[in-house]
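Notes follow once the structure below has been shown.
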Amino acid sequence: MPSSYSFNPEETSLPESDGEWSEPESTDEDGLFKDLNNYEAPSLYGLSPALNSLGKSNSVSHAQATAERLGSLDLKAHEYTIAGINNSDKKVHHEFKLLYLEENRFNAQEAAVLEDRFQRKVKCIFEVRQAEEARRAKLEREEREKRAEIARRAAEEKARQEEVQRRQREQQEELERRRKQEEMEWIEHERQQREHREREAYFKQQAEKDARDQAAQAAQAEKQQQQQQQQRQQQQQQQQQQQQQQQQQQQAQPQQQYTGPSVYGRKNINVESTAVSRVLAALKKVRQDVDNEPQFMKSKNLMAIRRDLRPKLGQLNGEKTQTVAVREFYKKTFMDLLNDTNGPKVLASGFFLAPNEQSNVPIPIAFVWAVNELAKLLVKQVEAECSIKPETADPLGITIIATFAGDGLTVNGNSFIDIILARLLKRNPILRGELGPEDTEKDRKRLGWKVDEEGTWEAEEAHINSLVGLTAGYAAIAGRDFGGSKMINPYPIFNLWHAVAFLLNQPMNLLTNSHFFVMKTLLQVGAKKLVGVYGHQAKKLVELCITEWAIKGVELGLGGAQAVKAYGKYLREEDWWKNS
């Protein structure tokens, strides 16, 4: 070191912050700080103070090593200083010596001890903090587990309460169901008992009435016997006169007579079915002849007539004024065509179901064509409108039969209403006497099932709806009572009786579901009309339909039979039935 060097404590000051520290470059020729250049002070904020193999911290060991090196450096510096000091620098030497006295110098060992204490405190604080964090984590975990346990118990309690409530509801519902079932059984029992009592009362009344009728008949027979004895003498005197009157009646041509067989009790449904086919064939030929003569259709204005006929049926609403208006329109239209002698003609007998010799007269072909068009319109109308509510066919039946009931639209007592009936019976083979089964395609076609061009058969519901509408139209025509009218019924109500009786007399194994729905419709539209004309005899007929006959069909599993039986229950609640 040069002799001009001097140490001035006043010129030396410690930095106020760690950022002001700066060290000059050191060559470290003696190698005292060669290990310190790469030394990194241990962090006081680690997880724990690092320890060496002797159990001391790295900081303490480093501090002791530094103190030893500083001591050696200080000794060398002191020797170099003494060797280079002149006598003139005694004062400076004295000051330097005082400055570097042992008690004034930095004590590295003491710093190491302080550092060790500090590190131990840091370790203690770290361990206390770690223990506190572990305790806090344990408390938090226990708290979470406690809350989870409480929530689990609450959920279990809630589920248990819900299960109890569900079981209580099920028990209440079961009790309510049993109560309602018992009520229904009791009501059904009461109804059956009431029906049984009513049936017994009815049969009792019938038996009493039959007994009274028999007694009255016996009295009448006795009275008649007495009268016969008195009349025998008169009969001998009147016999010649009666024979003369009979001869006159046979010679006289009747102006009106009933259409159909002369003796209705001998009506043959097979004969009628054959007659229907004959009339339909004649109508087909008429239609072909007219279609092949467009000039004739134009001259007779037939297309306009058909347009006028079409909307009239849809205008019928059950009101008398409307029915009369439509009837008069039809009558006038047909009378005009029938009285038009110009044009081709056909024999009228070909269009009657039961023609006689007097009906073989020529009539205009345009008249037959127009009546046939009305028949086709009626078939479409009843199929579309009367399948759901058959009772709506009544205005149609009244209008049709009233149109053909007069003298004008007849030929020697035969009515052209047979054209209408032929069209209805064509689409409803069951009323023509066709029976089951309907297992094969041939059987289905025979019973009136429709099939499209692709060979797909119509659904059973559509088939039954069509039959119901057609049957309603037939019953509305055949069920009319002309007892209070001066006109002759062109299709008497006996035909409706015969249709019902025919189905009743057929073997059960030949009846299909369709037959029972046809029967239900006949009763629904015509039962009241039959009872109104035939009285108790008709009521017995209807009772047989809705009881024994329907029950046999139900046993065969036919839904139509169930419908007939259900209608019987409804019928017994009707006032007119109870009072008849």
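Each residue's number is its place along the chain shown, starting with 1.
Every residue, even glycine, has its Cβ placed from backbone N, Cα and C.
Curation plays no part in TrEMBL annotations; they are all automatic predictions.
Under the heading compositional bias 'Polar residues', TrEMBL lists 1-15.
Per TrEMBL, region 'Disordered' is recorded for 1-34 (among others).
According to TrEMBL, the compositional bias 'Acidic residues' annotation covers 17-30.
Same-chain neighbours of the compositional bias 'Basic and acidic residues' (189-213): 536, 540, 572, counting only residues six or more beyond its ends whose CB sits under 8 Å from a CB of the stretch. Among the features that TrEMBL reports, compositional bias 'Basic and acidic residues' is placed at 189-213.
In the region 'Disordered' (189-223), the DSSP tally of helix, strand and coil residues is 35 helix, 0 strand, 0 coil. As annotated by TrEMBL, region 'Disordered' applies to 189-223 (among others).
According to TrEMBL, the feature compositional bias 'Low complexity' maps to 214-223. Residues of the same chain lying 6 or more positions beyond the ends of the compositional bias 'Low complexity' (214-223) include none with a Cβ under 8 Å from any Cβ of it.
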